[in-house]
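Copied from Swiss-Prot, the annotated features are:
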TRANSMEM  4-24  transmembrane segment
TRANSMEM  59-79  transmembrane segment
TRANSMEM  99-119  transmembrane segment
TRANSMEM  124-144  transmembrane segment
TRANSMEM  152-172  transmembrane segment
TRANSMEM  196-216  transmembrane segment
TRANSMEM  249-269  transmembrane segment
TRANSMEM  284-304  transmembrane segment
TRANSMEM  322-342  transmembrane segment
Amino acid sequence: MNKVGILLILFILSLILPFTALYLAGDTHLITVKDIINFLLKGTTGNEFKDIIIKDVRLPPIIGAVLIGLTISVAGLMLQTLFRNLLASPYTTGISSGVLMVVALVIFIDSLSHLFEIFGEKSILVAGWCGGIFSMILLIIIALRVREANGVIIVALLLSYFFMGLRAYLIANAEELKIQEYWGFTIGSLSKITLGDVIPMTICSIIFIIGVMFLIKSLNALLFGEQYAKSFGLDIKKTRLLVLFFASFITGAIIPYVGLIAFIGIIAPYLARPLIKTSDHRYLVPATMFLGVILMVSCHILSLKYYLPIHYLYGINRPASPLPIGAVLDILGGMLVVYLVYKGEKKIKID
């Protein structure tokens, strides 16, 4: 099958799955397929209670999953192309670490907690945005000071470990309730997304996708190496800064809403390359987007339908608890990549 045919199939799947998730994400006897169709076409099911469940409980997490799949996966692809490293992602380049660091400071340090109290329930969200801006500025400074792309990722990774150490110090001296609050942010969950959150997330996603479209030609030039790209007149420094800016921008905009969902930025590009059998970003970017949506929505369904048997694992009398989507994605994605590498069927290269 040619590349366009594969993209069409992925596109159709990425459209069908969110609608399927709307039906499966809860009691299927309470809300039927007909209710879902009526709500999507008419804006109401004819039942106020069902409307509230769909609008406030089921719909926001699914839209969040779609937006994360569309954006964070492509942010990972851009960083992998820039650094010519399949492990490059918003997490491994330190972008997520900056967000987590600022959130940790706000949660664990009382003076900062009081300062952010003016934002009420959105204090952690605002802290995450500040962390995103901090990460963006830090990465741009590194990119301006370090000439080689590999040097940038090494410095960013070292800073990521530095932030990890600081967070460990803060956690070691923190109260249990604050540790639980921070842990709840880091594991990655779509459950806290509200319909009001969807609007800024969508706006940021649109800005990011438009930016990526303008960078496709430059990303293709980088496939042949920076020296080769320079010979074709590509401004390497400008391209590097733009890639880092957009990757930091979307990570800082999305992560505060959902916590740490990092692996999608590695696994979606990894699976897209052998599937469409090309490194041309004209095809690779949409393939990564569609795969990102498929993976995120599928993991969202699994996280709601399957529960972790806490009482069997730890021998304690507690009800089974839903799996956070970040854990589902990491477990299934990790096993899939290990299987593909072990079988030797997917020999992936950047160029």
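Glycine is no exception: its Cβ is also placed from the backbone N, Cα and C atoms.
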The transmembrane segment (59-79) in contact with the transmembrane segment (124-144), cutoff 8 A, at least 3 CB pairs, sep 6+: no
Criterion met for the transmembrane segment (99-119) and the transmembrane segment (196-216) (at least three Cβ pairs under 8 Å): no
Of 124-144, 196-216, 284-304, whichever stretch has the most CB pairs under 8 A to the transmembrane segment (152-172): 124-144
Cβ contacts under 8 Å made by the transmembrane segment (196-216) with residues that lie 6+ beyond its boundaries: 60, 63-64, 67, 70-71, 74-75, 78, 239, 242-243, 246, 249-250, 253-254, 257, 281-282, 285
Best-contacting stretch, by C-beta pairs under 8 Å, relative to the transmembrane segment (284-304) and drawn from 4-24, 124-144, 249-269, 322-342: 4-24
Outside the transmembrane segment (322-342), six or more residues from its ends: residues with CB under 8 Å to it: 65, 187-190, 259-264, 266-267, 270-271, 295-296, 299-300, 302-304, 306-308
Long-range environment of the transmembrane segment (124-144) - Cβ separation under 8 angstroms, sequence gap at least 6: 93-103, 105-107, 116, 152, 155-156, 159, 181, 185, 237, 240-241, 244-245, 248-249, 251-253, 255-257
